[in-house]
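Participant: I have a structure here, written as structure tokens, and I will follow up with some questions on it.
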Amino acid sequence: MSVERTLSIIKPDAVAKNVIGQIIARFENAGLKVIAARLQQLSRADAERFYAVHKERPFFKDLVDFMVSGPVFVQVLEGEGAIQKNRDLMGATDPKKAAPGTIRADFADSIDANAVHGSDAAETAAVEVAFFFPEINIHSR
């Protein structure tokens, strides 16, 4: 297994619940390192660009509305098998179907307000990381 980078977004619902630290602790306890991070308010244009792959889906407008409803915490995680490890820690998209002990089972309220986003593959991780963080702002450690 190789060292990978993946994007993680702690969404507005989890930021509002003040659980950023608890979520980051789960990543770190699983061996992932935070190598870039910031709290930011997404503009509608940025949210639409980031989720452009879903533009034709019926949930697109609601997703964008939700993602601009409050600040998000974006971070780059690095570690062995980081992409899959992050996805395992997050749990199923629908928190009702997420395994106990996963981030979404513990902190999410609904399929829309589901606490976190994580890249789903190496190709998307590279694009998503670059969307938020120029290479100069990423610091492997």
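Placement of Cβ uses the backbone N, Cα and C atoms for every residue, glycine included.
These numbers come from a predicted model, not from an experiment.
Features from Swiss-Prot:
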- His117: active site, pros-phosphohistidine intermediate (ACT_SITE)
- Lys11, Phe59, Arg87, Thr93, Arg104, Asn114: ATP binding site (BINDING)
Participant: In terms of DSSP three-state secondary structure, what is the assignment for Phe59 (ATP binding site)?
Facilitator: coil
Participant: I want to check the contact list for Thr93 (ATP binding site): same chain, sequence separation of six or more, C-beta distance under 8 angstroms. What comes out?
Facilitator: Arg104, Ile111, Asn114
Participant: If you measure every Cα to Cα pair among Lys11, Phe59, Arg87, Thr93, Arg104, Asn114, the residues listed for ATP, what is the largest value in Å?
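Facilitator: Greatest Cα-Cα span of the listed binding residues: 21 Å.
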Participant: Within a 10 Å radius of its Cβ, which of these binding-site residues (Lys11, Arg87, Arg104) has the fewest neighbouring Cβ atoms?
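Facilitator: Minimum Cβ neighbour count within 10 Å, taken over the binding-site residues Lys11, Arg87, Arg104, occurs at Arg87.
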Participant: Under DSSP, is Lys11 (ATP binding site) helix, strand or coil?
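Facilitator: Reduced to three states, the DSSP call for Lys11 (ATP binding site) is coil.
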Participant: Could you state the whole-number distance in Å separating the C-alpha atoms of Arg87 (ATP binding site) and His117 (active site, pros-phosphohistidine intermediate)?
Facilitator: 9
Participant: In angstrom units, rounded to an integer, how far apart are the Cα atoms of Phe59 (ATP binding site) and His117 (active site, pros-phosphohistidine intermediate)?
Facilitator: 15
Participant: With every protein chain in view, what's the tally of Cβ atoms within 10 Å of the Cβ of Phe59 (ATP binding site), excluding that atom itself?
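Facilitator: There are 12 of them.
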Participant: To the nearest whole angstrom, what is the C-alpha distance linking His117 (active site, pros-phosphohistidine intermediate) and Lys11 (ATP binding site)?
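Facilitator: Rounded to a whole number, the Cα-Cα distance is 7 Å.
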Participant: Measure the Cβ-based neighbour count of His117 (active site, pros-phosphohistidine intermediate), defined as the other Cβ atoms within 10 Å of its Cβ.
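Facilitator: Around His117 (active site, pros-phosphohistidine intermediate), other Cβ atoms within 10 Å: 21.
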